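A quick write-up on the structure given underneath.
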Amino acid sequence: MTRHLISSADLTRHDVESILATAESMHDVQRREVKKVPTLRGRTVINFFFEDSTRTRSSFEIAGKWMSADTINLSAKGSSTSKGESLRDTAMTVDAMAVDALVIRHNASGAARQVSQWVRCSVINAGDGTHEHPTQALLDAYTLRSRMGRLDGKHVVIVGDLTHSRVFRSNVITLKTLGARVTVVAPPTLMPAGVTAWSETDGFATSWDLDAVIDGDDAVDAMMMLRVQRERMSGGYFPTAREYTVGYGLTRERLERLVRRNPDVLVMHPGPMNRGLEIAAEVADAPQSVVLDQVSAGVAVRMAVLYHLLAGESAEQLPEGAQA
Amino acid sequence: MTCPEPTAPATVPQIPPDARDVMVADDISRALRRIGHEIIERNKGAADLVVLGIPSRGVPLAERLAAAISQVEGIDVPVGQLDVTLYRDDLRRQPTRAAGRTDIPAGGIDDKVVVLVDDVLYSGRTIRAALDALAELGRPRAVRLAVLVDRGHRELPIRADHVGKNLPTSREERVHVRLAEVDGADAVRISGGERR
């Protein structure tokens, strides 16, 4: 049994469904007056964030605390990393304190995998560079499933800065695992190199034309708008913000066309949103928007991931005949 | 990461062919009716009762028991389910299973008489977990335990208030409870160990 969650590709359909089922019962805990279960008492989870984050870090922290694990937050600023300690030394130092899990976000793609080879504890990838963000894909799947049931055959469109998006990479994998049909849309400059080969092997569609996808034969069940990552760009991907919005932003007019085709269409955004750039402010607050459901699902899904990775440490089998 | 296969009906171990019937469908329904009457007698009616089944097979049993009580007393008895996975003390010793749902009836459990329902009472550890889970959800006036089969071998100071059948077993034996709602037909069978 693997102890880590590095890539969405690590998860079989059965794994994803187990996690989502557990997340439902975690969501029940979240709605209770006493939001605490003793399941991970005595376990320690370190959130190591080399990059800024609001929702991922706080939801991992809340998830750990509600499961009664001790959670500790470290950031690059204020840790020995700012004194020049290498990632390997930092990871091994933390591991030597006998923690049970390391939740890591790092600006280098592959950092989580690398760290998992150096430590004994479980490693959970909370975003590595432009590579993957598996728990985001799980919470997006949870949000979609709670609104539309099974995802088999559903058409999900992912729009935006695909080149720099780990959310896109993990989401394509998890959505395909659950049987959804995926179309990805981006301006040519933000379409990652090699996407054609990947789309052929994994069976998703690519397009440069958002309006053609909206008006296409295949009605859209969910629109996932990605953030334009200004901090990752040194410019040159598109002329102006206005031009991006005209070509690829989810405007009210585009939403109206989507609703006309499918009244139950959902609008998603992993956050943080650039209102007025990739998504119009009124669309973000429209009844079709499930942006806050995604945040709320984040805690439940991360509780479920911690539970599946940490609750049953040894793979010892239940003795034959064991019953309550 | 990988998750073990769920204990869904399809993956429940087959009952070995040498298994013996301990209760047949009629025995099960008679036992539940009797337990229903016992609960009403002890509670002096069905007021303030909440029946909670422990997944998976405690849930249909709880529904049947609540229906039996409702039929006698002519009032609807609230029924729900209580998942105890997150409160188990043996999580570290077995493959992680997906947690189930907890569904408490709208009236809550504060100041109610909660009847916990499970299929088999064995070590008592599930019930211990259930009592912990219940404490987080409210403060019942009393908690009672009804089980279809008590097979002995308690590891904790826990006993059932209402028992469908006391079944002396050896630890090597295995008790199989099958219910129409989950498995298609009702039966309690025992397999393994030495024939007594």
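Placed from the backbone N, Cα and C atoms, the Cβ positions cover glycine too.
Owing to the predicted nature of the structure, the values given are computational and were not obtained by experimental measurement.
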Ask   = Need a hand: TrEMBL gives A:R55, A:T56, A:H133, A:Q136, A:G271, A:P272 for carbamoyl phosphate, which of A:R88, A:R105, A:R242 is also on that list?
value = A:R105
Ask   = Including all protein chains displayed, how many Cβ atoms other than that of A:R105 (carbamoyl phosphate binding site) lie within 10 Å of its Cβ?
value = 26
Note = Same-chain, non-site residues whose Cβ lies within 8 A of the A:R55, A:T56, A:R105, A:H133, A:Q136, A:G271, A:P272 Cβ center for carbamoyl phosphate are A:S53, A:T54, A:A126, A:G127, A:V167, A:P270, A:G298
Query = Here are the binding-site residues: A:G271, A:P272. Which has the lowest count of other Cβ atoms within 10 Å?
reply = A:P272
Remark   = Here the binding-site residues are A:R55, A:R105, A:H133, A:Q136, A:P272, and the Cα closest to that of A:R227 (L-aspartate binding site) is found at A:P272
Remark   = With the fewest other Cβ atoms within 10 Å, the residue among the binding-site residues A:R55, A:K83, A:H133, A:R166 is A:K83
Whole-number mean of pLDDT values that fall within the domain 'Aspartate/ornithine carbamoyltransferase carbamoyl-P binding' (A:3-145) = 92
